[in-house]
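Participant: Sharing the feature lines straight out of TrEMBL:
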TRANSMEM  19-37  transmembrane segment
TRANSMEM  58-79  transmembrane segment
TRANSMEM  99-117  transmembrane segment
TRANSMEM  138-155  transmembrane segment
TRANSMEM  167-188  transmembrane segment
Amino acid sequence: FNREPGRGSYTDLFYVKPYHRIAPYLVGIALGYMIHIKKKKESGKKTRCKIPRQVECLVSWFLGIALVVSAVYGVYTSYKEDGRPFNKAENIIYGTFRHFVWGLALAWVIYACNKGYGSLVNKFLSASYWIPLSRLTYGAYLLHAIVLIVYFGSLQHTTEYSDKNLAFYYVDVVAMSYAAAFILAIGVEFPTMQLENV
């Protein structure tokens, strides 16, 4: 949220702009279309793939995990105290592709579960205990920016960025975002849903 003289902040220029986050959205649309088209083509036809299913599954999961790790931890070493910061080209490449790569990784999980490659992952993600959280997720997404501003804006001391502190901040912000989403759901969403039944 800091602003350099003569330049806009990262938040103003990138973080809140819808086009900054369009890559995962477009990947999701493309995946949905691809699954729809494949279902039409595969109805009544046998697949001609010569690669054994287990090999295809293992290679695909390896690539999916590599995408997640690169998107999330790609900058980890440059933020360490003794790490080398990214140069301008590396910053541009990472900033350009990180959301797209994250979208591809999530698309792979969805595709794998849809095609039967998910096994344990599919069972875990399909478990019934996720249902209450799934009803609050959109509210948590809408409110998390406000929670971040209030949380970090109300700190009475300087923040020391360490792995441990960031882990605690993450847990705090997620818990507060879901608590705020629960209040929003009880106060607005659920009563509005009841109005539709009238």
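Counting begins at 1 with the first residue displayed.
Glycine is treated like the rest: Cβ placed from N, Cα and C.
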Participant: Residues sitting near the transmembrane segment (99-117): Cβ under 8 Å, six or more positions beyond its termini, same chain?
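Facilitator: Residues packing against the transmembrane segment (99-117) from afar: 20-21, 23-28, 30-31, 35, 56-57, 60-61, 63-65, 67-68, 70-72, 125-126.
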Participant: Taking residues 6+ outside the transmembrane segment (138-155), which of them lie with a CB under 8 Å of any CB in it?
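Facilitator: Non-local partners: 16, 169, 172-174, 176-178, 180-182, 184-185, 189.
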